[in-house]
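Visitor: Copying in the features that TrEMBL gives for the protein in this structure:
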type	residues	note
BINDING	Gly76, Ala78, Val79, Asn83, Ser315, Asn347, Leu412, Asp415, Ser416	Na(+) binding site
DISULFID	Cys181-Cys190	disulfide bond
TRANSMEM	70-88	transmembrane segment
TRANSMEM	100-121	transmembrane segment
TRANSMEM	142-169	transmembrane segment
TRANSMEM	232-249	transmembrane segment
TRANSMEM	261-285	transmembrane segment
TRANSMEM	305-326	transmembrane segment
TRANSMEM	346-365	transmembrane segment
TRANSMEM	385-412	transmembrane segment
TRANSMEM	441-466	transmembrane segment
TRANSMEM	472-495	transmembrane segment
TRANSMEM	516-537	transmembrane segment
TRANSMEM	549-571	transmembrane segment
Amino acid sequence: MLRGKLPVTHMSSAIAPVKPSGTAGPKEVELILVKEQNGVQFTSSALVSPSGQTHPSGEERETWGKKIDFLLSVIGFAVDLANVWRFPYLCYKNGGGAFLVPYLFFMVIAGMPLFYMELALGQYNREGAAGVWKICPLFKGVGFTVILISLYVGFYYNVIIAWALFYLFSSFSAELPWIHCNNTWNSPNCSDLNSTLLNDTYKTTPALEYFERGVLHLHESSGIDDLGLPRWQLTSCLAVVIVVLYFSLWKGVKTSGKVVWITATMPYVVLTVLLLRGVTLPGAIDGIKAYLSVDFLRLCDAQVWIEAATQICFSLGVGFGVLIAFSSYNKFSNNCYRDAIITSSINSLTSFFSGFVIFSFLGYMSHKHNVALDKVATDGPGLVFIIYPEAIATLPGSSVWAVIFFIMLLTLGIDSAMGGMESVITGLIDEFKFLHKHRELFTLFIVVSTFLISLSCVTNGGIYVFTLLDHFAAGTSILFGVLIEAIGIAWFYGVDRFSDDIEEMIGQRPGLYWRLCWKFVSPCFLLFMVVVSFATFNPPKYGSYYFPTWATMLGWCLSISSMIMVPLYALYKFCSLPGSFCDKLAYAITPETEHHLVERGEVRQFTLQHWLVV
């Protein structure tokens, strides 16, 4: 070896032609640098990954066009209609600003860790919700559970977007149709006497009657056993929604990643515009004060903590398989830790910000009707399709404000619906490889199937089907799915091995805090939530209508149909594996890439250290 400095009399360098370092295609390449110095050649080489998107297994996969496409897609999915119609009302009802204490607490110990876990799981394994369970084949059933949940949610979620589209078309008129009671759909109980209306239980508002009688035609149905035929107006709107979804998803993330530039950013523009208008209205400041008023005594009520935990579970979007699907299209070296912190924080801040918009208008309604705020404060579809449109109708230029508001609802809903559909499509085409070549046709099959089933929600009694689906499709089942997911990763696959995977991707090992949350805190939290969801179950109802027993049983069958995939697939996998009971168990809980170790009797999960390490 030559040491010290040599006088340079001649130096030349050359780069050898790149050559594959393996036989599995264009993966890492070996870069060889040859230098000649004083007649002596020095050679150095390095393995270089050309794009930073290649998985160690050697698999190639489509990736997002730009990093911002992924971030906007995740934000667009997580920030949905519930951020507008659910969180602000919960905050007001449960102690105002004090509600942020349990909300942020559960966000830190469960929400963010689970969000981070799903992003990392999808990015490392580069497959959909079912395919990622090659890390522990016994738990693959939970992948099909979350795919089914996303499919079920699509059956009714697209209907909300169709309602918003119907309202948008109705807003292009000189006078909004929910202002007066002189329309063909109005009943004798309809009254324009706004000053006393909210105190009279026998009277209804024009906005309420427009939604229930003008849009839904609910008065033509006696219950869930009397649905009638689909309404052609809502069916047309639903068809438009399905067409938009199809052409947003048919080419994969290359197309959906561009659509979210509009659908994920538009709500923030509209919310800001509505807030600037809302704070100028009389009574708006009183509404905002009520939203933010701090009542720490409410924290002594266990129900406040339960509702905060429930909101965290559903608002971030974990358990739908969407985060896994989206992150599977990331480059392998993408910093998923930073993405998890950014996107989950933006989701919570959006919920908080939307509260100012909602309660500025609710304060205005309270002032206008001269009633207490709790008379107008509500959550769910009633807020955005009855209360808010009624408030907008009293403003100068009401048609313009209505158009702006319903455009916001459309954009909030579309990208969340896109996320749910992508979870189903990616999860199934990654599991059944032959579908990769037919993505366009398979996407068409999924959206058309969803449309046909959704038709039951646009009949005269469609709101009853909608309520039933909303109550059972993604309640206890999604909490159960995330619980099994957390146990499978942190305990059976191993939180230490999962941390090694993350370090391989981003060059930084998760800290002790994240590992403790994954292994102990989050599973305990989810187990508690599953127990609470069973203990606090209330049969579904819509207004004064209580569903018959058979409908409630049908709802439970729907919920169980997704959860049962976990034990069914585990039983199938166990029975299909060769060998003795111990051999079957070893193969079922060992990553597929390590089955050769099982043949040598080296099963990590059969050692005490595997279960104790953090």
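A Cβ is built for glycine as well, from the same backbone N, Cα and C atoms used for every other residue.
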Visitor: Taking contact to mean three or more C-beta pairs under 8 angstroms, with sequence separation of 6 or more, is the transmembrane segment (261-285) in contact with the transmembrane segment (441-466)?
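Guide: Not in contact, no.
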Visitor: Could you pull out which residues elsewhere in the chain have a CB under 8 Å from any CB of the transmembrane segment (516-537), counting only those six or more residues past its ends?
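Guide: Beyond its ends, the transmembrane segment (516-537) has Cβ neighbours at 106, 109-110, 113-114, 117, 306, 309-310, 313, 475-476, 479-480, 482-483, 486-487, 489-491, 495, 498, 614.
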Visitor: Is it true that the transmembrane segment (346-365) and the transmembrane segment (70-88) have 3 or more Cβ pairs under 8 Å, skipping pairs fewer than 6 apart in sequence?
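Guide: Contact confirmed: at least 3 Cβ pairs fall under 8 Å.
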Visitor: Against which stretches of its own chain does the transmembrane segment (70-88) lie, if we need a Cβ under 8 Å and a gap of at least six residues from its ends?
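Guide: The answer is 64, 119, 160, 253, 256-257, 260-261, 263-265, 267, 291, 311, 314-317, 322-323, 326-327, 329-330, 334, 339, 342-344, 346-347, 350-352, 354-355, 357-359, 379-381, 383-384, 409, 412-413, 415-416, 418-420.
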Visitor: Tally every other Cβ atom lying within 10 Å of the Cβ atom of Val79 (Na(+) binding site).
Guide: 26
Visitor: By a Cβ-Cβ criterion of under 8 Å, what residues six or more beyond either terminus of the transmembrane segment (472-495) are in contact with it?
Guide: 114, 117-118, 121, 133, 135-136, 138-139, 142, 145-146, 149, 152-153, 155-156, 313-314, 318-320, 515, 518-519, 522-523, 526-527, 529-530, 533-534, 537, 540, 555-556, 558-560, 562-563, 566, 589, 591, 604-605, 610-611, 613-614
Visitor: For the recorded positions listed here, Cys181, Cys190, Leu412, which shows the highest count of neighbouring CB atoms within 10 A?
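Guide: Answer returned by the neighbour count: Leu412.
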Visitor: For the transmembrane segment (100-121) and the transmembrane segment (305-326), check the count of CB pairs under 8 Å (sequence separation 6 or more) and say whether it reaches 3 or more.
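Guide: The answer is yes, given that the two segments have at least 3 Cβ pairs within the 8 Å cut-off.
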Visitor: Starting from the Na(+) site formed by Gly76, Ala78, Val79, Asn83, Ser315, Asn347, Leu412, Asp415, Ser416, give every other residue of that chain whose CB sits within 8 Å of the mean position of their CB atoms, in sequence order.
Guide: Ile75, Phe77, Asp80, Ala82, Gly317, Thr350
Visitor: May I ask which of the stretches 232-249, 305-326, 385-412, 549-571 has the most CB pairs under 8 A with the transmembrane segment (142-169)?
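Guide: The stretch with the most contacts is 232-249.
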Visitor: Fill in the CA-CA distance, Val79 (Na(+) binding site) to Cys190 (disulfide bond), as an integer in Å.
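Guide: About 35 Å separates the two Cα atoms.
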Visitor: Report, in whole Å, the straight Cα-to-Cα distance of Cys181 (disulfide bond) from Ser416 (Na(+) binding site).
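Guide: Between the Cα atoms of Ser416 (Na(+) binding site) and Cys181 (disulfide bond), the distance comes to 35 Å.
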Visitor: Rank the binding-site residues Ser315, Ser416 by the number of other Cβ atoms within 10 Å of each Cβ, and give the residue at the low end.
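Guide: Selected from the binding-site residues Ser315, Ser416 on minimum Cβ neighbours within 10 Å: Ser315.
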Visitor: What number of additional C-beta atoms lies within 10 angstroms of the C-beta atom of Gly76 (Na(+) binding site)?
Guide: 27
Visitor: Report the nearest neighbour of Cys190 (disulfide bond) in space among the binding-site residues Gly76, Ser315, Leu412, comparing Cα positions.
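Guide: Ranked by Cα distance from Cys190 (disulfide bond), first place goes to Leu412.
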